[in-house]
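Engineer: This structure is in structure tokens; I'll ask about it shortly.
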Amino acid sequence: MKEKVTMSTTKITNNESSHRDNNKMDVKTKCKQKIKEIQSKSRINPVAILQKNAHEWNVSIESAEFARLMDKHDPLCSFRQMFTFPKKADLPNIDKINLKDPEEECIYLCGQSLGLKPKLLDQNVQKVLDNWANKGVHSHFHGYLPAALSDLPAKKLMARMVGAQENEIAILNGLTVNLHLLLATFYRPDSNRYKLMIEDHAFPSDTYVAKSQLRSHGISPEKGLILLKPRKGENLLNEDDIIRLFDEQGDQIKVALLPAVQYYTGQLLNVKRLTEAAQKRGILVGVDLAHAVGNVPIYLDDWNVDFAAWCTYKYMNAGAGSMAGIYVNEKYFANYSKTFPMYQGWWGNNVQTKFLMKGDFDPALGADMFKLSNPSPVLNAMLMTSLEIFEQTSMEELRQKEYILTGYLEFMIKSFFPQTDKRHTHQQQESTNNDGDNRSLLIPSIQIITPSDPEQRGAQLSLIFSVPLSIIHEQFQKRGIVCDIRMPSVMRVAPTPLYNSFTDVYRFITTLYDIFQNMDSLSISHTDDDLSIMTKETGGVINNEISDDGQGSSISGSDSEADSLGGSTNTL
């Protein structure tokens, strides 16, 4: 990996800002050209590509050989070697008695919750610690990622990740803190415009932020909070309904806080379309990019949102509690005044006067003015390690693989499992009872609630199962496949294109099928109440483990051997 993060200068001048201004139109033009190129391409049909390859290779899509060949021809396969996969033996509740190889790696399909650790992270963190040890206070401005400047290299790379100008980006805090900071500036209600809009069943922390922001202005959530809900009997948000709400209540809505990718369903919204509709009614638009950054291409300048915030521990692989990022549209900096409503701290002060210890706040250029305190160079080293991996490819290239990889997962689910409970014989595989009579298998159903259109989703598929989790939960824990559960009824599976393989997906599917084959030996009654029974049995808590910002739980299951129906999953 190229060394890009060493900084030894003791002074930052305004030349960087001038350079940004001179190249601003070039960056925006390149961004628009890239978007145009992507849109001009024919829409990807994952199934058609899978079928074409299967025909050329003369193998079945459902075979282990097909998955192996897909991996062999994957131009991004080398990135997998840059990450550390947990070993099965180290996972909690693994079946160690039947574990043949303690060094065997798990199948990790949980990047939407916590990404894997890059292998180079350890040495980059050690460089920061060594710099502190060797230079003491001089490590603030000298050596590897000097403490006073450690966020600046990440800021530059992050701007490219989200399609924005460098001065519109800041690296600071965590996602929830940043949402509060941004809303403290942009949510300024008055007697006419006082409502705050978020989606129903948003990530809980977003809901807490929205409600507490309302209360801080003396507005009850019952009066001021608008929840975007799917239509009755549906799981996904309807963009036409959202725009209709803008039209009906737009003169009362101050801010719409929208997800780019909805964390529960995996739905990818058309942020540009929704932003245009909202802003026509005078509504400010903020976007939560937690499940979008590192997952799908983002073009914040083209979308023209007012502000955005994101974390970096999911698809960005920067580690739990890693530095988060914000975007503030540059139009808000043109007429900046000292009365700009925002919380202020010394790290948001202009770098030229920061250490003069003046009593009056001299704002930094652009979004950096929102910074409050000195960020940790250790955390910035973790983020830089990840960003430098992304620099070796592009989100557009990753997106192309994502279409096919998640499309393969969807195809395999629909191939192996019915959409409703029924007697189902897959590839003429049958079980034999003790009397020697052949009988088909009762395969539980799996409903995919994530959009089937690849353009309306990222890597994640959200699944609902027809059987209670308590029956099969133990099997998942014994096997080495890691996914996660989100109550009340969803399992999220995310084959991440940066490090997951087609063989990972194959083993996931075939192990789940193997588990389902044994369902008849368990006392399961398939009723409409299975999901509610499951929730009652678990008390809404699984594993007593917290993940993904402290909500829900991760499930570790294990896979059998790859070429013999051996991959596992998590299920509701």
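Placement of Cβ uses the backbone N, Cα and C atoms for every residue, glycine included.
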Engineer: TrEMBL has Leu175, Thr176, Phe203, Pro204, Ser205, Asp206, Asp288, His291, Trp346, Asn374 down as binding pyridoxal 5'-phosphate; which of Tyr144, Tyr313, Tyr332, Tyr403 does it also list for that site?
Structural biologist: Tyr313
Engineer: I need the CA-to-CA distance for Lys314 (N6-(pyridoxal phosphate)lysine) versus Leu175 (pyridoxal 5'-phosphate binding site), whole Å please.
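Structural biologist: Between the alpha carbons of Lys314 (N6-(pyridoxal phosphate)lysine) and Leu175 (pyridoxal 5'-phosphate binding site) there are 12 Å.
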Engineer: For Phe203 (pyridoxal 5'-phosphate binding site), what is the tally of other C-beta atoms lying within 10 angstroms of its C-beta?
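Structural biologist: There are 24 such Cβ atoms around Phe203 (pyridoxal 5'-phosphate binding site).
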Engineer: Hey, what's the Cβ neighbour count for Asn374 (pyridoxal 5'-phosphate binding site) at 10 Å?
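Structural biologist: For Asn374 (pyridoxal 5'-phosphate binding site), the 10 Å Cβ neighbour count is 14.
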